[in-house]
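Peer 1: Below you'll find the structure I mean.
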Amino acid sequence: MSGINKIVLAYSGGLDTSAIIPWLKEHYDAEIIAFVADVGQERDDLEGIEQKAIASGAVKCIVKDLREEFVKEYVYPTLKTGAVYEGTYLLGTSMARPIIAKAMVEAALAEGADAISHGCTGKGNDQVRFEGAVAALAPQLKVIAPWRLWDMRSREDLLAYLEARDIPCKATLKKIYSRDANAWHISTEGGELESTWNEPSEAVWQWTVSAEQAPNEPEYVKLTVAKGEVVAVDDQPLSPHQILTTLNERAGKHGVGRIDITENRMVGMKSRGCYETPGGTVMVAALRAVEELVLDRPTRAWREKLGAEFSHLVYDGRWFTPLCKAIVASANAIAEDLDGEVILKMYKGQVTAVQKKSPNSLYSEDFATFGADEVYDQSHAEGFIRLYTLASRIRAMKEQHQAIGGDHTHG
């Protein structure tokens with residue numbers, strides 16, 4: 001295709017993207033640069049990945065370490081909004097896509113590429129997330145999505161394609177599960193999960209143990225929160241990524257952070273997935289505990305509205321939008337007073353905030369007791385209740401008059 005001389009491919013080293021490299025070369029007669037975003041996925045997935053890319057036909061392989069930036073600039077802002085998609089999903093895959101796409105775009109512009117390519121299927125959410133980010137950041141770049149273009153439909157087709165071209169690949173014909181991992185979570189789909197009547201086997205879970213296998217003794221962890229961000233574990237200051245990896249290991253041993261959900265994809269289909277977010281689940285519990293102490297009722301309600309809206313923005317691939325920036329700004333303002341310390345108990349798949357304190361706490365033992373009237377005079381409640389219930393009383397009086405045939409709506 002004319003006008004495309006260099007393509008940057010989001011490369012994972014797996015079967016799909018290994019086949020995409022030669023396919024792009026054959027169909028576009030262009031140089032292919034493989035781009036690998038390290039967002040904290042399994043270390044085995046990155047071993048020898050540059051050599052794999054070159055062996056598949058890439059002229060170059062760029063590996064970018066995005067782990068700290070991912071947690072600091074994408075995970076933490078999302079946490080401050082309180083975003084949870086459809087009540088349970090902590091947006092692990094969704095949060096990683098915008099930083100990968102942004103880094104890809106930067107690489108493409110630096111390398112003088114004309115297009116980017118990805119291995120997302122035409123049935124999933126990720127194609128929208130990647131291409132939405134490109135449209136927002138560099139609309140002049142063309143996007144090539146081979147799964148929407150080629151006639152290969154199965155692992156057998158891909159393996160045969162590579163074999164015919166003498167391209168080495170360690171992938172096998174049988175792949176039970178489809179997995180995606182980053183520093184925040186790991187997702188598993190496929191296999192027995194394709195039937196919602198099947199209970200996930202233990203082979204599904206990678207980072208967490210079952211409640212039955214978890215230790216019989218609880219473990220406690222202390223988190224320090226500053227302006228809505230976790231900054232220390234057991235009084236030890238760590239970087240955001242270090243905090244997350246530490247909590248992943250400790251919480252995973254207790255089976256914390258497992259969910260099995262059937263979610264609504266933005267393309268209209270439902271999909272079932274098992275997600276493990278051990279460290280993130282502990283972080284969320286700590287932040288909610290500090291919020292309970294610090295935020296007044298209307299501010300807490302507003303933060304919950306922000307989270308509900310932001311969950312859809314992130315899930316739907318609209319990170320680089322004015323609305324996203326506005327919600328993050330509002331969440332940051334709310335988080336200014338979210339300072340505190342929380343001790344959490346991890347036990348048999350559950351995490352519970354058992355101790356919490358904040359210098360900005362609105363809770364006071366003195367104010368909450370029933371014995372003291374210096375702050376709260378109980379007699380004042382009568383007037384408040386009469387005003388608070390005024391609309392209800394007017395409605396009831398109107399209904400009573402109508403029931404006996406009277407109409408006093410006119411003066």
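Cβ coordinates come from backbone N, Cα and C, glycine included.
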Peer 1: Looking at Swiss-Prot, Ala10, Tyr11, Ser12, Gly13, Gly14, Leu15, Asp16, Thr17, Ser18, Ala37 are annotated for ATP. Which of Gly119, Gly122, Gly124 sits in that same site?
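Peer 2: Answer, per Swiss-Prot (ATP site with Ala10, Tyr11, Ser12, Gly13, Gly14, Leu15, Asp16, Thr17, Ser18, Ala37), from Gly119, Gly122, Gly124: Gly119.
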Peer 1: In Swiss-Prot, the L-citrulline site includes Tyr89, Ser94, Asn125, Arg129, Ser178, Glu263, Tyr275. Which of Ser187, Ser195 does it also list there?
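Peer 2: Answer per Swiss-Prot: Ser187.
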Peer 1: When neighbour density is defined as the number of other C-beta atoms within 10 angstroms of a residue's C-beta, which of the binding-site residues Ser12, Ser94, Ser178, Ser187 has the lowest density?
Peer 2: Ser178
Peer 1: Can you see whether DSSP assigns Asn125 (L-citrulline binding site) to helix, strand or coil?
Peer 2: coil
Peer 1: For Ala10 (ATP binding site), which residues of its chain lie six or more apart in sequence with Cβ-Cβ distance below 8 Å?
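Peer 2: Long-range Cβ contacts: Thr17, Phe35, Ala37, Ile100, Met104, Ile116, Ser117, His118, Gly119, Phe130.
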Peer 1: Using other CB atoms within 10 angstroms as the count, which residue among the binding-site residues Ser18, Thr121, Asn125 scores least?
Peer 2: Thr121
Peer 1: Helix, strand or coil for Asp16 (ATP binding site)? Use DSSP.
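Peer 2: Looking at the DSSP assignment, Asp16 (ATP binding site) belongs to a helix.
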Peer 1: On a C-alpha basis, identify the one among Tyr89, Ser94, Thr121, Asp126 that is nearest to Gly14 (ATP binding site); the candidates are the binding-site residues.
Peer 2: Thr121
